[in-house]
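This report refers to the structure that appears directly beneath it.
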Amino acid sequence: MKKKALLPLFLGIMIFLAGCDYSTPEKQDGFFFNTFVQPMKHLLQWLGNDVFHNNFGLAIIVLVLFIRLILLPFMLSNYKNSHMMREKMKVAKPEVDGIQEKVKRARTQEEKMAANQELMEVYKKYDMNPMKSMLGCLPILIQMPIIMGLYFVLKDKLVNGLSEHPHFLWFNLTKPDIWITVIAGVLYFIQAVVSSKTMPQEQRQMGYMMMVISPIMIIWISLQASSALGLYWSVSALFLVIQTHFANIYYSKLAKKEVQPFIEKYEREHNPSSKKKGKNTQVVSKKNKK
(Lines of atoms letter the chains of each structure in order from A and count residues from 1; the text may use other names and numbers.)
(Lines give C-alpha, C1' and ligand atoms only; values in the text may rest on other atoms or scores of the structure.)
Protein backbone atom coordinates (compact mmCIF):
# COMPACT_ATOMS: atom_id res chain seq x y z
CA MET A 1 0.00 0.00 0.00
CA LYS A 2 1.46 3.37 -0.98
CA LYS A 3 1.35 6.28 1.42
CA LYS A 4 -0.95 8.14 -0.98
CA ALA A 5 -3.61 5.56 -0.13
CA LEU A 6 -3.47 6.66 3.51
CA LEU A 7 -5.07 10.03 2.71
CA PRO A 8 -8.51 8.66 1.72
CA LEU A 9 -8.13 6.18 4.59
CA PHE A 10 -7.74 9.06 7.07
CA LEU A 11 -10.76 10.84 5.56
CA GLY A 12 -12.83 7.66 5.85
CA ILE A 13 -11.80 7.27 9.49
CA MET A 14 -12.84 10.84 10.31
CA ILE A 15 -16.26 10.23 8.74
CA PHE A 16 -16.55 6.96 10.70
CA LEU A 17 -15.59 8.68 13.98
CA ALA A 18 -18.13 11.42 13.39
CA GLY A 19 -20.95 8.97 12.66
CA CYS A 20 -20.65 6.38 15.46
CA ASP A 21 -22.15 6.76 18.93
CA TYR A 22 -21.91 4.27 21.83
CA SER A 23 -23.07 6.63 24.59
CA THR A 24 -26.19 4.59 25.52
CA PRO A 25 -26.39 0.86 26.45
CA GLU A 26 -28.74 0.00 23.57
CA LYS A 27 -26.16 1.31 21.07
CA GLN A 28 -23.30 -0.71 22.57
CA ASP A 29 -23.38 -3.64 20.19
CA GLY A 30 -22.05 -4.74 16.82
CA PHE A 31 -18.80 -6.15 15.46
CA PHE A 32 -16.65 -3.04 15.95
CA PHE A 33 -17.87 -2.38 19.49
CA ASN A 34 -17.46 -6.00 20.61
CA THR A 35 -14.06 -6.45 18.90
CA PHE A 36 -12.29 -3.16 19.66
CA VAL A 37 -14.26 -0.85 21.96
CA GLN A 38 -15.31 -3.35 24.63
CA PRO A 39 -11.81 -4.90 25.13
CA MET A 40 -10.27 -1.41 25.30
CA LYS A 41 -12.86 -0.42 27.91
CA HIS A 42 -12.06 -3.43 30.12
CA LEU A 43 -8.28 -3.00 29.72
CA LEU A 44 -8.37 0.70 30.63
CA GLN A 45 -10.70 0.03 33.58
CA TRP A 46 -8.37 -2.68 34.91
CA LEU A 47 -5.24 -0.53 34.53
CA GLY A 48 -6.83 2.64 35.91
CA ASN A 49 -8.82 1.17 38.81
CA ASP A 50 -6.89 -1.92 39.92
CA VAL A 51 -3.27 -1.46 38.84
CA PHE A 52 -2.75 2.30 39.28
CA HIS A 53 -5.44 2.96 41.92
CA ASN A 54 -7.61 5.45 40.01
CA ASN A 55 -4.74 7.09 38.09
CA PHE A 56 -6.02 6.87 34.52
CA GLY A 57 -3.23 9.06 33.13
CA LEU A 58 -0.64 6.44 34.06
CA ALA A 59 -2.99 3.76 32.71
CA ILE A 60 -3.03 5.46 29.28
CA ILE A 61 0.78 5.84 29.28
CA VAL A 62 1.26 2.14 30.06
CA LEU A 63 -1.31 1.28 27.37
CA VAL A 64 0.73 3.28 24.83
CA LEU A 65 3.96 1.51 25.81
CA PHE A 66 2.23 -1.89 25.59
CA ILE A 67 0.93 -1.15 22.08
CA ARG A 68 4.31 0.23 20.96
CA LEU A 69 6.09 -2.92 22.18
CA ILE A 70 3.65 -5.06 20.15
CA LEU A 71 4.38 -2.94 17.06
CA LEU A 72 8.15 -2.81 17.68
CA PRO A 73 9.09 -5.87 15.51
CA PHE A 74 7.13 -4.44 12.55
CA MET A 75 8.70 -0.99 13.04
CA LEU A 76 12.25 -2.36 13.26
CA SER A 77 11.69 -4.41 10.10
CA ASN A 78 10.41 -1.27 8.39
CA TYR A 79 13.45 0.78 9.46
CA LYS A 80 15.82 -1.92 8.23
CA ASN A 81 14.06 -2.31 4.86
CA SER A 82 14.01 1.46 4.36
CA HIS A 83 17.74 1.89 5.01
CA MET A 84 18.69 -1.17 2.94
CA MET A 85 16.55 0.00 0.02
CA ARG A 86 18.02 3.50 0.15
CA GLU A 87 21.66 2.34 0.21
CA LYS A 88 21.14 -0.29 -2.51
CA MET A 89 19.29 2.22 -4.68
CA LYS A 90 22.34 4.51 -4.56
CA VAL A 91 24.35 1.72 -6.21
CA ALA A 92 21.64 0.57 -8.63
CA LYS A 93 20.40 4.07 -9.58
CA PRO A 94 22.44 4.47 -12.82
CA GLU A 95 21.11 1.14 -14.13
CA VAL A 96 17.57 1.82 -12.91
CA ASP A 97 17.53 5.30 -14.49
CA GLY A 98 18.73 3.87 -17.80
CA ILE A 99 15.99 1.22 -17.84
CA GLN A 100 13.32 3.76 -16.85
CA GLU A 101 14.37 5.84 -19.85
CA LYS A 102 13.83 2.75 -22.01
CA VAL A 103 10.32 2.40 -20.56
CA LYS A 104 9.55 6.04 -21.43
CA ARG A 105 10.85 5.61 -24.99
CA ALA A 106 9.10 2.28 -25.54
CA ARG A 107 6.52 2.44 -28.32
CA THR A 108 5.04 -1.02 -28.04
CA GLN A 109 3.73 -3.08 -25.14
CA GLU A 110 6.41 -5.71 -25.84
CA GLU A 111 9.18 -3.12 -25.45
CA LYS A 112 7.70 -1.93 -22.14
CA MET A 113 7.41 -5.49 -20.85
CA ALA A 114 11.01 -6.23 -21.86
CA ALA A 115 12.23 -3.07 -20.09
CA ASN A 116 10.21 -3.89 -16.96
CA GLN A 117 11.64 -7.42 -16.98
CA GLU A 118 15.11 -5.91 -17.22
CA LEU A 119 14.28 -3.69 -14.24
CA MET A 120 13.20 -6.74 -12.22
CA GLU A 121 16.53 -8.38 -13.06
CA VAL A 122 18.39 -5.35 -11.70
CA TYR A 123 16.34 -5.47 -8.49
CA LYS A 124 17.13 -9.18 -8.20
CA LYS A 125 20.84 -8.59 -8.80
CA TYR A 126 21.02 -6.11 -5.93
CA ASP A 127 18.65 -8.15 -3.75
CA MET A 128 16.03 -5.37 -3.73
CA ASN A 129 12.36 -6.07 -3.12
CA PRO A 130 10.12 -2.98 -3.64
CA MET A 131 7.17 -4.94 -2.21
CA LYS A 132 8.78 -4.74 1.24
CA SER A 133 7.92 -1.05 1.32
CA MET A 134 4.28 -2.10 1.70
CA LEU A 135 5.12 -3.31 5.22
CA GLY A 136 5.69 0.32 6.19
CA CYS A 137 1.93 0.82 6.41
CA LEU A 138 1.36 -2.28 8.54
CA PRO A 139 1.95 -0.62 11.96
CA ILE A 140 -0.48 2.15 11.01
CA LEU A 141 -3.14 -0.35 9.93
CA ILE A 142 -2.70 -2.40 13.12
CA GLN A 143 -2.89 0.68 15.32
CA MET A 144 -5.93 2.28 13.65
CA PRO A 145 -8.67 0.08 15.20
CA ILE A 146 -6.95 0.34 18.61
CA ILE A 147 -6.96 4.15 18.48
CA MET A 148 -10.55 4.19 17.22
CA GLY A 149 -11.60 1.86 20.05
CA LEU A 150 -9.88 4.12 22.59
CA TYR A 151 -11.51 7.17 20.98
CA PHE A 152 -15.03 5.83 21.57
CA VAL A 153 -14.20 4.59 25.09
CA LEU A 154 -13.12 8.11 26.05
CA LYS A 155 -15.63 10.08 23.97
CA ASP A 156 -18.65 8.21 25.29
CA LYS A 157 -17.26 7.93 28.87
CA LEU A 158 -17.53 4.14 28.99
CA VAL A 159 -14.80 3.58 31.62
CA ASN A 160 -16.08 3.21 35.17
CA GLY A 161 -14.19 5.45 37.59
CA LEU A 162 -12.78 7.87 35.00
CA SER A 163 -15.46 10.51 35.63
CA GLU A 164 -14.77 10.35 39.39
CA HIS A 165 -10.95 10.52 38.96
CA PRO A 166 -10.38 12.50 35.75
CA HIS A 167 -7.36 14.64 36.69
CA PHE A 168 -3.80 13.99 35.53
CA LEU A 169 -1.02 16.58 35.64
CA TRP A 170 -2.73 19.91 34.81
CA PHE A 171 -5.67 18.68 32.71
CA ASN A 172 -8.96 16.84 32.95
CA LEU A 173 -8.79 13.58 30.97
CA THR A 174 -12.51 13.70 30.14
CA LYS A 175 -12.41 17.16 28.50
CA PRO A 176 -10.44 18.68 25.61
CA ASP A 177 -7.24 20.53 26.57
CA ILE A 178 -5.56 22.89 24.15
CA TRP A 179 -2.02 22.45 25.52
CA ILE A 180 -1.85 18.65 25.42
CA THR A 181 -3.41 18.89 21.94
CA VAL A 182 -0.67 21.29 20.77
CA ILE A 183 2.02 19.07 22.33
CA ALA A 184 0.63 16.05 20.46
CA GLY A 185 0.59 17.95 17.16
CA VAL A 186 4.14 19.31 17.59
CA LEU A 187 5.54 15.90 18.59
CA TYR A 188 3.94 14.22 15.56
CA PHE A 189 5.40 16.92 13.32
CA ILE A 190 8.87 16.24 14.81
CA GLN A 191 8.32 12.50 14.36
CA ALA A 192 7.44 13.04 10.68
CA VAL A 193 10.59 15.17 10.20
CA VAL A 194 12.81 12.50 11.79
CA SER A 195 11.18 9.76 9.67
CA SER A 196 11.51 11.72 6.41
CA LYS A 197 15.32 11.76 6.70
CA THR A 198 15.47 8.10 5.63
CA MET A 199 13.05 8.46 2.70
CA PRO A 200 14.36 8.21 -0.88
CA GLN A 201 14.38 11.57 -2.67
CA GLU A 202 11.42 10.64 -4.89
CA GLN A 203 9.23 9.86 -1.85
CA ARG A 204 10.05 12.97 0.18
CA GLN A 205 7.31 15.10 -1.35
CA MET A 206 4.75 12.67 0.06
CA GLY A 207 6.65 12.69 3.37
CA TYR A 208 6.43 16.49 3.54
CA MET A 209 2.70 16.27 2.87
CA MET A 210 2.30 13.83 5.77
CA MET A 211 4.24 16.25 8.01
CA VAL A 212 1.40 18.71 7.56
CA ILE A 213 -1.59 16.35 7.37
CA SER A 214 -0.77 14.14 10.40
CA PRO A 215 -0.48 16.96 13.00
CA ILE A 216 -3.56 18.75 11.62
CA MET A 217 -5.62 15.56 11.77
CA ILE A 218 -4.42 14.76 15.29
CA ILE A 219 -5.12 18.30 16.52
CA TRP A 220 -8.58 18.31 14.93
CA ILE A 221 -9.60 14.95 16.46
CA SER A 222 -8.05 15.81 19.86
CA LEU A 223 -10.05 19.04 20.04
CA GLN A 224 -13.26 17.09 19.39
CA ALA A 225 -12.42 14.36 21.93
CA SER A 226 -11.18 14.28 25.51
CA SER A 227 -7.60 15.20 26.41
CA ALA A 228 -6.95 11.53 27.23
CA LEU A 229 -6.61 10.92 23.49
CA GLY A 230 -4.17 13.85 23.25
CA LEU A 231 -2.15 12.24 26.06
CA TYR A 232 -2.15 8.93 24.17
CA TRP A 233 -0.86 10.60 21.00
CA SER A 234 1.74 12.71 22.86
CA VAL A 235 3.30 9.68 24.58
CA SER A 236 3.09 7.63 21.37
CA ALA A 237 4.78 10.38 19.31
CA LEU A 238 7.54 10.87 21.91
CA PHE A 239 8.21 7.13 21.91
CA LEU A 240 8.33 7.13 18.09
CA VAL A 241 10.76 10.09 17.94
CA ILE A 242 13.21 8.35 20.31
CA GLN A 243 12.74 4.96 18.61
CA THR A 244 13.19 6.37 15.10
CA HIS A 245 16.28 8.39 16.06
CA PHE A 246 18.19 5.43 17.50
CA ALA A 247 16.92 3.00 14.84
CA ASN A 248 18.16 5.35 12.10
CA ILE A 249 21.63 5.48 13.68
CA TYR A 250 21.86 1.70 14.00
CA TYR A 251 20.34 0.65 10.67
CA SER A 252 22.18 3.35 8.71
CA LYS A 253 25.52 1.82 9.78
CA LEU A 254 24.24 -1.72 9.24
CA ALA A 255 22.93 -0.93 5.73
CA LYS A 256 26.21 0.68 4.63
CA LYS A 257 28.13 -2.36 5.87
CA GLU A 258 25.84 -4.89 4.14
CA VAL A 259 25.71 -2.93 0.87
CA GLN A 260 29.52 -2.71 0.58
CA PRO A 261 29.81 -6.04 -1.36
CA PHE A 262 27.28 -4.71 -3.93
CA ILE A 263 29.35 -1.52 -4.31
CA GLU A 264 32.52 -3.54 -4.90
CA LYS A 265 30.70 -5.77 -7.41
CA TYR A 266 29.37 -2.71 -9.27
CA GLU A 267 32.84 -1.17 -9.46
CA ARG A 268 34.32 -4.41 -10.84
CA GLU A 269 31.61 -4.62 -13.52
CA HIS A 270 31.62 -0.95 -14.57
CA ASN A 271 35.20 0.15 -13.92
CA PRO A 272 37.69 -2.12 -15.74
CA SER A 273 40.65 -0.20 -14.31
CA SER A 274 39.67 -1.35 -10.83
CA LYS A 275 39.96 -4.98 -12.04
CA LYS A 276 43.45 -4.33 -13.44
CA LYS A 277 44.41 -2.52 -10.28
CA GLY A 278 43.19 -5.46 -8.24
CA LYS A 279 45.17 -7.93 -10.39
CA ASN A 280 48.31 -5.77 -10.19
CA THR A 281 48.12 -5.61 -6.41
CA GLN A 282 47.77 -9.40 -6.32
CA VAL A 283 50.88 -9.80 -8.57
CA VAL A 284 52.88 -7.36 -6.45
CA SER A 285 51.89 -9.15 -3.27
CA LYS A 286 52.99 -12.51 -4.79
CA LYS A 287 56.37 -11.04 -5.83
CA ASN A 288 56.87 -9.64 -2.36
CA LYS A 289 56.19 -13.08 -0.89
CA LYS A 290 58.83 -14.60 -3.20
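Placement of Cβ uses the backbone N, Cα and C atoms for every residue, glycine included.
The annotation signal peptide is assigned in Swiss-Prot to 1-19.
According to Swiss-Prot, the feature N-palmitoyl cysteine maps to Cys20, an assignment based on sequence analysis.
The feature S-diacylglycerol cysteine is assigned by Swiss-Prot to Cys20.
The transmembrane segment annotation in Swiss-Prot covers 56-76 (among others), and the record cites sequence analysis as its basis. If one looks beyond the transmembrane segment (56-76) by at least 6 residues along the same chain, the residues whose Cβ comes under 8 Å of a Cβ in the stretch are 43-44, 47-48, 135, 138-139, 142-143, 146, 150, 159, 161-162, 165-166, 168-169, 173, 228, 231-232, 235-236, 239-240, 243, 247.
What Swiss-Prot records for 134-154 (among others) is transmembrane segment.
Same-chain neighbours of the transmembrane segment (176-196): 170, 204, 207-208, 210-211, 214-216, 218-219, 222-227, 230-231, 233-234, 237-238, 240-241, 244-245, 248, counting only residues six or more beyond its ends whose CB sits under 8 Å from a CB of the stretch. Positions annotated as transmembrane segment by Swiss-Prot: 176-196 (among others).
Residues or ranges marked as transmembrane segment in Swiss-Prot (evidence: sequence analysis): 211-231 (among others).
Annotation comment: Swiss-Prot describes 232-252 (among others) as transmembrane segment, evidence class sequence analysis. Residues of the same chain lying 6 or more positions beyond the ends of the transmembrane segment (232-252) and with a Cβ under 8 Å from any Cβ of it are 60-61, 63-65, 67-68, 72, 75-76, 79-80, 82-84, 147, 150, 180, 183-184, 187-188, 190-191, 194-195, 197-198, 218, 222.
Residues or ranges marked as region 'Disordered' in Swiss-Prot: 266-290.
Per Swiss-Prot, the feature compositional bias 'Polar residues' maps to 280-290.
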